[in-house]
């Protein structure tokens, strides 16, 4: 077996602080840095797909969930490598290098200047950026997925058998570190994305948003590197799982059991209690018992992916929902991707409350709130969160503009002159006062027989679309903030310009020295046409094309609260349950099985979203909620029939039984050998007596 040499050494006790091994504090710090890196990158990923790579909402969502699924499919590979080859520690270090490399590649892919040969701010070779992005995401998925099952199990290994309470507390602290990293990264990374950077043109700074997580991953890697036995700190305990058994060997045993059962499918062969018992002809009973334990838990995991199908839509559907909402929180501006910070904030609040208040209170009420019941309640909370999301979406839909279909033609008339005009539409004469608008529609705009295209979709990323119509008799130069629009000829319209929310200012000048300054307070996602009249005395008339977003992002907080409450009682419990029910040499594999449910959950999102083909987003939310309620009922029934086990006792029982059988066989062999020796001595004694008698007869003769 190719294994770490240090794993063959006797297990040493780690120095303790407040009753906890000092090594776990380094593990928690490492996890904080790694989770900052992962969640920071993921927070802006769907917006990177939509606004940098220019993918539509559905395709961006599809690739996002494909990436997340891949991140949770690779843990099974990392677990097998850790339990069967390198050990947990080396697996963490080596795959962290791959992880860091992937983050760097992704950051480089977001630099638009690399292929912007004409310096217009748009990459000229988008295929290059897409290919580099996919390579980076693939390396990240391999790295983060490979170390996921190892870190939690490695932390559990640092405790001795009598420290069961401390181990349970560690899993809560471990989960807090995950969400502390997630919290800071989802606050900081969107701020970094909002900065403008670039060599030739200033664009949103995705390279910085991806580069900072890459730096944090490098810090996490350095923390891993200090954990070797060559340094006195942090005294990691390296458990030799390969002396106990091999996870790949256990997987082979189940394969052999299936084949052997198929060969003996005839009714003439007696049935066995469990199908794994058909492997006892080749494998020992302890190994078979360990595989039974793992399969029993994995069967219970089958319904769990549905929870993650809802949970991971925070980073896709819920973030896209936030782009159509008002991000003004009493003067504080929140970006759509920053709403994801609500989840880790609530985690940091709810985990201590659950551990120190809710669970003890339930226990005092003598209610048997078992881990599997907690998981069931968590799924129900998640379903209710999506019902709330659907209600919020219904309110948002009422505020969104209704754009005409391809077969429709809508028109609005704007009078940009200082006199009354008569408009004839559909056989009716309609008077139009100066500097007013007559709404018949919204796709095309007619300015006294001049036709201009109107906006056909909501402005992106909560920005506002502003354009100017020059009703003055000379060309005008318009400046929006620090950005110069350029000259607009008389009776002509400028292109739409993207303007951030807040107070905006427009300078309007002509070559004769006339100028005026127009102020406007902008919300999120609105569109205006500014009419510049023949005189600049009052600065122009603002015509509203698209209403700003009016539903506050604060209305997403209730759905985040319900989903986070569900996560606390579902995920934290699941981590501890997976560790407690796993045999000693398959803890990482069972952790990987738990993480594998996340992968299948994201695959469910892809399947349901594509198969359902629902036009209304609120209907899709209700569909996911209904599916989770159904799965919740199925899981509750399965949990009712589950019997909790103590893997250590079962392994000790089989180990003692096998030891006793070996001793009995050894005693029998020794007794048998002694019997043979005694028979040989009797035979020799008999032969000696016969020789003496023969000699005596010959002497007498």
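Using N, Cα and C of the backbone, Cβ positions are placed for all residues, glycine too.
If you look up TrEMBL, you'll see 666-686 marked as compositional bias 'Basic and acidic residues'. Annotation comment: TrEMBL describes 666-701 as region 'Disordered'. If you look up TrEMBL, you'll see 65-86, 92-114, 126-147, 167-192, 233-258, 293-311, 345-363, 375-396, 588-609, 621-642 marked as transmembrane segment.
Pairs of Cβ atoms less than 8 Å apart link the transmembrane segment (621-642) most often to 375-396, out of 293-311, 375-396, 588-609. Against the transmembrane segment (588-609), stretch 65-86 shows more Cβ pairs under 8 Å than any other of 65-86, 92-114, 167-192, 293-311, 345-363. A Cβ distance under 8 Å defines the sequence-distant neighbours of the transmembrane segment (293-311), meaning residues of its chain 6+ beyond its ends; these are 72, 250, 254, 276, 372, 375, 378-379, 382-383, 385-386, 563, 566-567, 570, 574, 577-578, 581-583, 586, 589-590, 593-594, 596-605, 608, 624-625, 627-628, 631-632, 634-635, 638-639, 642, 645, 647, 650.
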